[in-house]
């Protein structure tokens, strides 16, 4: 960068990135005229003490993203826990356990609740502590702040105040929103990276007001003061309106002088700035929004099951209460030994209904074990551990970037196994977002021989077709005449691609054509046009050069990968952009001699920046001869509309080339220029200055109108074609996802031709697939209501297409829907969106082109709400954030477009191909694990809870529990919780390789085979059966049996302990039968839980507390010596699990699921011994997809079979003997 003391007058602009030297005008210095609400902020520069009192007291620079603080943690965290209806129930039961109504001791009710709630709160505290630590790392960063007398001291960020002057050095983040005063560059510019704000990796240029650029050292701030009057805090990153009063002058401020918090200073030694917005007033914090709360469908269904169990709980409590009322009224007076009524009035034959009410409350507490208290916390633990395994999956680790997969939330793990539709971005998601300059058209001539990936795929397909035809016995003469031209094209493509199998040695440059390399273009007939083409590439941009000192080669920080590839191409053609100042661009040109480069300066007069609305950018420059040029590049449709009559010489040839490039899946831009007279430019520039300095809401419109005046009558030079390569493994991944039964929609901002060809490259589209293109017609001027006419036309297209799909009789027919953003705007309206969705659902693939970020989110919402099925959105850029947050599951790709998508996502991966493993393996596992885990939880609690009800009825509805309180406390928390957690973490119906080989297994999730109501009620029925067996077998055996050596019969504690032993054995053996995959961990936890029960009885029986409940040495002296105890345990365990064993045996034998067949094949090693059977099973189990490479092959096979059948039919007809 130039360091000379050249102080060019600065053009200020709201719309344009750069503006350069010009004569000073009084109009330009006019301040903004704003009044009223929204523009009340006043900042006293270098006088932060002025902002300690209202009304000028503003918020501090301390930021916090935590949910809690020391004061609010307990009340807020407790509120969060007791929003769950189950926890609220257990809280009420714990409170009532302190009263005489409770059938249990207080400790047995309070301890489990305290453990479960405490564990959940500890998890919340840990997560919030991590957020607090992260916040404090930011708050305690150091900033150089002006103290007094030109002295700068370091201060933590959180102590910064509005009005402070700060010095920020290279590669440091800005601590607050600052007004740029000066920089290490003489002209007051600096370079800023805003990736943390908008996800863009390119550098932005900011510039100081010319009046403050002299404040370029510490001493100069000794007596500095000024006043800033500006807009109030707001979330708009790209706008700023304010005035700066300095040295009795008022200067207007715009976004080009504002440095936003969390952006980084790059390529600049230091800057000075004054703090305008601090803390939560800063624009980045104004933009911070809470991620939408997402809950999985299984979790919502689980709430319904809990309501069912609550209904059952209330029902049996009412039965118990009615039974108690009857007993109290009619039987209790005869039982004189009970001394009724009691002193608490709980058993009063004179007031049976009051006693019945008390008993209802007792029963509600007594049967509370129907509700699994540890369910929520167990699921949280399981999901966190599942997320850990995902994060450490080496097969989802990107070695190139060192990026692992990241489960940013563990709440949605099981949703990964139930996805129905994937909505994907294209650029950077399916493609690499790394552009290679591949081809170009200059002055109507094509250059560039290297084939694109799409061309190579097409060539291979052609080769396959030709080979197939030769095998079909087609006469040689026919084949030759039919494929001569194709063979020539095929040979060209394969030679150009495979002649050099190495990747391009130069990143961003895959061009191969000696006609343009090493100065050979001098010999071309239209060298003057080529010179202009190369100069447009090297001058028309906003990039910043960086010299690699090791290689001596310039690299470029560009606004987009396309622009970077243009500059690399220009460098390789001999036009090396080497430096820029605010007013000039310097290009090292190998012209007129290729061996002796000459550095030329182009004065940058104006830069009209690229926007999605303009779809073009232009620079106005003055060359060393004084000639003024406008150089323009943009979308071909935009440029062609602005060509002059004399500038259309190459339009026809260039249009043809652009179409070919689009068919090859390349991204294209057209390049044009025009020469400007000094007088015409000056007149236009005056209009331009007036538009820029105008005050009012129509300023942008005025600027657009003035820009349009200049960007007309252009002369076409040529066009560029860059390849946005497919990411590694994308076609294979899409093929596997299609075989898994997933629907894939592509939402992209690219034009239709490019998107279609990328669709062919990744097998979303294939030859023979019927394409339905919904487009907007051009309305005639005579139509009274053009919008209504367009809507009717679109609706007619949708209706006809839907009818065509319905009438299609070929079961193998596949349809692809292709629609652009303009048409989508109409179809997303309420009166048409459902017809559009119905059509889209009937198509095998859907591609939406030219869509805006908002449209991506609206399409996602339409699919999610319209189908009622689970959607997954995947993208890598800031423009994908809305789509990612709107979908049921959002997946971000950590790519070249920053981390904005990742920060908004639920799961993050480095490449699209990892989505295959994330869904087909981890999603499948997590869905089955969580579903089985929840079903088992309800099974074991019903089995346990109903035995309490049976005994209470057996004991005259007395409210008496058969179990010791400590047994009940340990049941959910210790004795049965760890095996079920191991089920949720380690269970695998098949291993990961089989999941990938049999992707159709994934459909078990979307079909919800393992958590439908049939299976849920089946498990509940199993729990009911288990409770009946456990209770009645124990009661029948122990009722009047003298089971001890001394002839004693069993008391309530002995029966209860025997019954509890049967429960522990039954439910733990049940989970062992449920599991398909065992490790030593599962064995340890299942059998260890049973062993712990006996260990507990051993220890508990020796404690003095056991005397209070008649359980002293209950195992060693009462139960263990009695053979009947062990026999009963064995009998109960077998009887409880026998029906389930019979069920799974019958199912595996006569109605096996897909994974049952695979398990059996793997067990008998048939996959190794009989590969033919293994392949046959793979083919049979494959989901019949209509997209993907496999579908393409299947279509080809059907085509060949049809041809063969037709051939044999003709041959057989010819062989019939003539009569």
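The backbone N, Cα and C atoms fix where each Cβ goes, and this holds for glycine too.
These figures come from a predicted structure and were not determined experimentally.
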- [ ] For the transmembrane segment entry in TrEMBL, name the matching range from 966-986, 987-1007, 1155-1175, 1176-1196.
- [x] 966-986
- [ ] Out of 610, 667, 749, 850, point to the one nearest residue 876 (Mg(2+) binding site) in space (Cα versus Cα); all of them are binding-site residues in the record.
- [x] 749
Task: 425, 876 as recorded positions, winner by CB count within 10 A - done: 876
Open item on the list: Checking distant contacts: for the transmembrane segment (1080-1103), what same-chain residues at least six beyond its ends satisfy Cβ-Cβ under 8 A?
Closed with: 966, 970, 974-976, 978-979, 981-983, 986, 1057, 1061, 1064-1065, 1068, 1071-1072, 1111-1117, 1119
Open item on the list: Counting Cβ pairs closer than 8 Å, which of 85-103, 305-326, 937-960, 966-986, 1045-1068 has the most of them with the transmembrane segment (356-377)?
Closed with: 305-326
Open item on the list: Near residue 880 (Mg(2+) binding site) in space, meaning Cα within 10 angstroms, which of the binding-site residues do we find among 667, 749, 850?
Closed with: none
Task: Residue counts (helix, strand, coil, in that order) that DSSP gives for the domain 'P-type ATPase N-terminal' (43-110) - done: 30 helix, 3 strand, 35 coil
- [ ] Count, for each of the binding-site residues 850, 879, 880, the other C-beta atoms lying within 10 angstroms of its own C-beta, and report the residue with the smallest count.
- [x] 850
Open item on the list: Short question: most Cβ pairs under 8 Å with the transmembrane segment (966-986), which of 85-103, 937-960, 1045-1068, 1123-1142?
Closed with: 1045-1068
- [ ] Could you give the residue numbers and ranges of same-chain residues that sit at least 6 residues beyond the transmembrane segment (1045-1068) on either side and whose C-beta is under 8 angstroms from one of its C-beta atoms?
- [x] 939-940, 943-944, 947, 951, 960-964, 967, 971, 975-976, 979, 1026, 1029-1031, 1033-1035, 1038, 1086-1087, 1089-1090, 1093, 1097, 1109-1111, 1114-1115, 1118-1119, 1121-1122, 1125, 1128-1129, 1132-1133, 1136-1137
- [ ] Average the per-residue pLDDT over the domain 'P-type ATPase N-terminal' (43-110) and send me the rounded value.
- [x] 81
Open item on the list: Tell me the Cα distance separating residue 425 (active site, 4-aspartylphosphate intermediate) from residue 850 (ATP binding site), rounded to the nearest angstrom.
Closed with: 11
Task: Pairwise CA distance, residue 667 (ATP binding site) versus residue 425 (active site, 4-aspartylphosphate intermediate), rounded so that it is a whole Å - done: 16
